[in-house]
Amino acid sequence: MAVLTDYTYVFALGTIFALLEAFNNGANDVANAWATSVSSRSISYRMAMMACLVFEMLGALTVGARTASTIKNGIIDADSFRDNAGVQLLAFACAAAGAGIWVMYCSRNSITVSSTYSLVSSLVGVGIATVGVKGVRWGWYDGNGIGAIFAGLLMAPVCSAAFGAIIFMLIKVTVHMRTNCVTWAVWTSPFFFLIAGTICTLSVVYKGSPKLGLDQKPAWFIAAVTLGVGFGLCLLSALFFLPFVHARVIKKDYTLRWWHVFQGPLLFRRVPPPDAYAARIPNYAVVQHPSSETESVRELKVLSPDLRNPDRITPSAYNPEAADYDKMSIRSEIVPVTQQRYRQLIKKAEDRHHANLRRKNSPLGWAMRVLHDNPMGAGSIHELENLKTFFKRIPAMIVVGLFYGAEYDIHTAQIGIEGTPDGLRMSRVYSQATKYPNQVEYLYSFIQIITACTASFAHGANDVGNAVGVWAGMYAAWSTGKPAAAKESVPLWQIAVIALTLCFGFITYGYNIMKVMGNKITYHSPSRGSSMEMGAAITVMVFSQYKLPVSTTMCITGATVGVGLCNGTLKAVNWNRVGLVVLSWFFTVPCAGLIGVSKANFVAPEQAALPQPLTLIWSDDKKIFRVHIQDNVDPSDKPDESVFEPLLVFSIMPQGKEPRVEFGFAQPDHRTADTPGAVGWESWNIERGSAGVSGNPGAHTC
């Protein structure tokens, strides 16, 4: 069929909102996925940006089409649109607008929400407005309905918490609790390559992308490829990665560079430099030593004695009396800070950070200097001088928007301010966590890069499919002139565009969410962070294989709480922050849904609900006959016999009888003056039997 040229503007607006939703998905959900690695100092924010581009794309292109089909076809029954492609196009555009606006508001205010459930809730609201309550799939529907999706709201955090806790307890028992823990950490590192390779490969080959021909492979092929890749990566890591970290961590060979990893077993024979014993290992504590802190960190640091020495084992893990002493020492050191002083500290640290940026010889440094040297003057922006200044600032504001996140101090924002309720709370939370030897955490910083990439692959497999689902539905309806088919595939180019938009959102604005995650929930370190990410990745992959759109935010939050509880006390988790996150999840459902409904009714109120077919019921020989009649005639047309030709007939007919139905129409005096073209039917001429009309036929237009 032809393109819906009359609805091109709707498709254009819908595309903008779909890209906006994807951008904010990246700024919110992708930031949550990478917050653990950045918080643990295993990977820098810039490295996270580059890895995000690669692995989000891989996950999206290989697995992402599965959850896209659920978003596109599983929530609103495609048959409910009854061949009206324009209404489906409008519905999906309004759903993208509702989700995009809500997540954008939350990202701007550093509120952690689920982009997945924002989109699902918006689709439900729009579905009710356009096709009615019955058009929304409320049940389980083989794992594709609303019931199955919202069941993940409870199941996903619990499952990821369990997976994360199990993985960390294995690390704790096999590595941390041993005397020679560094040696054990080195020799068990290939195990993570086995898990990561197996999970990613299984997600790709088991009902993977139809475009790649991976959705119909036999069981033996799936098992062979999955185990082959998993054990193959494990073997390669034993041959190359293990000798590299052995020389880097145990021998402390600081002269090694990344390309030396290709020397493999030859590194066992490499002689370290004479002063290797004095080599400095990077510090992975939440708060670094003053000598290596930035100015802003020194301004905002938490005065917890536990956090000053990352190699110290917290006494509270073994001695309750020592725990009480720790708490008393924290309280005695901290002088309360008023709200006014709190704002002054924030402003002072921000000004100092901006001053450091202005000294940089980079595009961001140039932009910060332009903004600093061209402040807005007094009066309204409409003043001539202010308008000139504003236009001078526009190029600099664009550069700042693109590059400011790469220089943002994530760790400073996470640790809390000394003397405030948040700072005191974080001090108490951190004091409950055991601090393991820095050499062990250094090794797991390499491993966490692997788990972070696995988590990014999982996010691309799930959330990119969610974001592209409504856009794919809009494109199919607009380009073909008919509603998107239930089994219609999602074009790879659309998945790629959405994946790039997600990455762009993370790179430019992810810092605004990342600063309230990670260390804001519990104490992070590379060994903990790798367990959190692997637990969340396993959960997301499992749900994706069953086409359940699950929230990556919920999974990483659940895994973070699960690993935090492995410290052996509830006090090791910041329940205040967890409560705020959970509350935002539940507020997402009504807020995103109501925004979607309001958009649907505002854009085209006359099309906000499809006309429901009339149902004519009559009896004959105690048999029931039903005829559904849909009005599809212009109101200006004079009704005649052809108007009442049934579009769809459902009947239970006696054997041997073929009842013929004749439809009559009301007399002209039944028309109402305020609704031209409306006809009220009081009776129907039926050849045999008696008739009655269900509903309110007078409200329909024919």
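Just so it is clear, glycine is given a Cβ too, placed from its N, Cα and C backbone atoms.
Predicted automatically and left uncurated, TrEMBL annotations should be read as such.
Sequence-distant neighbours of the transmembrane segment (6-23) (same chain, 6+ residues past either end, Cβ-Cβ under 8 Å): 85-86, 89-90, 92-93, 96-97, 99-101, 103-104, 115, 118-119, 464, 467-468, 470-471, 474-475, 478, 497-498, 501-502, 504-505, 509, 603. Taken from TrEMBL, the feature transmembrane segment covers 6-23 (among others).
Taken from TrEMBL, the feature transmembrane segment applies to 43-65 (among others). Non-local neighbours of the transmembrane segment (43-65) in the same chain are 30, 34, 37, 203-204, 208-212, 214, 405-406, 408, 410, 445, 448-449, 452-454, 456-462, 464-465, 468, 489-490, 492, 495-496, 498-500, 502-503, 506-507, 511, 514, 544; each lies 6+ residues outside the stretch with a CB under 8 Å from one of its CB atoms.
Annotated transmembrane segment per TrEMBL: 85-105 (among others), in sequence order.
According to TrEMBL, the feature transmembrane segment maps to 117-140 (among others).
Annotation source TrEMBL lists transmembrane segment at 146-170 (among others).
Non-local neighbours of the transmembrane segment (182-206) in the same chain are 62-63, 174-175, 214, 217, 221-222, 225-227, 229-238, 241-242, 245-246, 249-250, 437, 439-440, 443-444, 446-447, 450-451, 453-454, 457-458, 461, 530, 534, 537-538, 541, 544-545; each lies 6+ residues outside the stretch with a CB under 8 Å from one of its CB atoms. Annotation comment: TrEMBL describes 182-206 (among others) as transmembrane segment.
Taken from TrEMBL, the feature transmembrane segment applies to 218-242 (among others).
Summarising the annotation, TrEMBL assigns transmembrane segment to 442-461 (among others).
The transmembrane segment feature in TrEMBL is assigned to 492-511 (among others). Sequence-distant contacts of the transmembrane segment (492-511) (same chain, six or more residues past either end, CB-CB distance under 8 Å): 18-19, 22-27, 30-31, 34, 45, 49, 52-53, 56-57, 60-61, 64-65, 68, 107, 211, 401-402, 404-406, 408, 410, 460, 463-465, 467-468, 471-472, 475.
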Same-chain residues near the transmembrane segment (117-140), Cβ under 8 Å, at least 6 residues beyond its ends: 21, 71, 74-77, 80-81, 87, 90-92, 94-99, 102-103, 146-150, 153, 466-467, 469-470, 549, 551, 585, 588-597, 599-601, 607-610, 612
